[in-house]
Amino acid sequence: MALNSGSPPGIGPCYENHGYQSEHICPPRPPVAPNGYNLYPAQYYPSPVPQYAPRITTQASTSVIHTHPKSSGALCTSKSKKSLCLALALGTVLTGAAVAAVLLWRFWDSNCSTSEMECGSSGTCISSSLWCDGVAHCPNGEDENRCVRLYGQSFILQVYSSQRKAWYPVCQDDWSESYGRAACKDMGYKNNFYSSQGIPDQSGATSFMKLNVSSGNVDLYKKLYHSDSCSSRMVVSLRCIECGVRSVKRQSRIVGGLNASPGDWPWQVSLHVQGVHVCGGSIITPEWIVTAAHCVEEPLSSPRYWTAFAGILRQSLMFYGSRHQVEKVISHPNYDSKTKNNDIALMKLQTPLAFNDLVKPVCLPNPGMMLDLDQECWISGWGATYEKGKTSDVLNAAMVPLIEPSKCNSKYIYNNLITPAMICAGFLQGSVDSCQGDSGGPLVTLKNGIWWLIGDTSWGSGCAKALRPGVYGNVTVFTDWIYQQMRANS
């Protein structure tokens, strides 16, 4: 985490993060524009998107910008890692053909019409009326396992209606916690049920999904039917995991590069390869870590190389704490290392983390949340405190404001290199930034008393340079993909 002297400049008016935008104001199938976050149709979550990599030069129409991932330097150029990379490279030779085969189908375009929906990576198109109708039509059944979601800052449970082709809140009438457990399981949570309760409907909804308690032993969403009334006028608020809370109650704001105290950022993990800190990550469940895709590029794509450490502030003390081996590494299937689009990956741990005051999960963002243009966010990590510096021994954290996509894409900053799957954050004066070693770590914000993961540290041009803010993977566009992986690999 790099620091330069100077006060932050003013940022400007409010804007809407379209990754969170309410569905009713979204067009049915928007074009991808360079200066904004994706808008998603009401009837489904966004289909998967691409990823990122080490130290590349991206050509721009004006000056050339050297973009550097925030991992611990170039893995195979550091003298301390040269022998490691040579050994790992030997293991990748036999898999080269398989990787090449994967590359052949990575980049595909949707051919579905506006009245159809796409079945994940298979590219099959089905009518939107068949989505969540109780019969699997997609090759992998995606149309029947993406039928429930949590909405907004209050975690309102919503279910998709295939007849109405829209999402509706679930009425509290006849609801019980057993249904809450079923809904959490449908989303991909494993034995993490936290709580459900009825809360007053403040959205002005005129339609609901209600339980048919006599429908027998079938999937939860098959028990629900569309209704224009809800006698209790209460809707279900569902928490599948206690996330986004800290044990410490700090009153002072972190403005730049302060050493973290125990429990400040309990979702932060350090990801090691053979005893070396390489990247950061964020805890979202006892078994799952969110990190950056460029962290796990070859030769580090195999889970056997990775160890996660949680709840420890100093790198020098990591090996005195508990370590967790990684069981699976799942990089986004459309990861593009050249354009740096959609830099996200997941790690599943062999054994679950034990949550305590020092180890807690952060919340994944829900659809329907809004962010201000200069929304205060926080970054944390063990990255270098200056460009080309060494990894920090102690965990550092700093506040950075969001930057409007159109401003970040101006020719004086990143000149249209920022896609809807990226978020810019920092001070244009260059006072605070993430740096090498921070890659994959969290960009979080506090709303409604809850900490939300809205970005993973991705890339930038240098560290804390003027007009070169940090760039982060836009987690708001990846939540559906994350839930898909949790379901498929539970």
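Numbers run from 1 along the shown chain.
Here the Cβ of each residue, glycine as well, is placed from N, Cα and C on the backbone.
Just so it is clear, the model here is predicted, and its values are computed rather than measured.
Checking Cys112, Cys119, Cys230 against Swiss-Prot, the residue bonded to Cys171 by a disulphide is Cys230.
Checking the candidates Asn259, Asn474 against Swiss-Prot, the annotation N-linked glycosylation site falls on Asn474.
Cα of Cys171 (disulfide bond) to Cα of Asp133 (Ca(2+) binding site): a distance of 20 Å. Close to the recorded Ca(2+) site, the chain also has Leu130, Trp131, Cys132, Gly134, Ala136, His137, Cys138, Gly141, Ser162: residues not among Asp133, Val135, Asp143, Glu144 whose Cβ is within 8 Å of the site's Cβ mean position.
The Cβ of Cys147 (disulfide bond) lies under 8 Å from the Cβ of Trp131, Cys132, Val159, Tyr160, Asp186, Tyr221, each of these being in the same chain and 6 or more residues away along the sequence. Comparing C-alpha positions, Cys125 (disulfide bond) sits nearest to Asp143 among the recorded positions Val135, Asp143, Glu144, Asp343. Comparing local CB density within 10 A for the binding-site residues Asp133, Asp143, Glu144, the maximum falls on Asp143.
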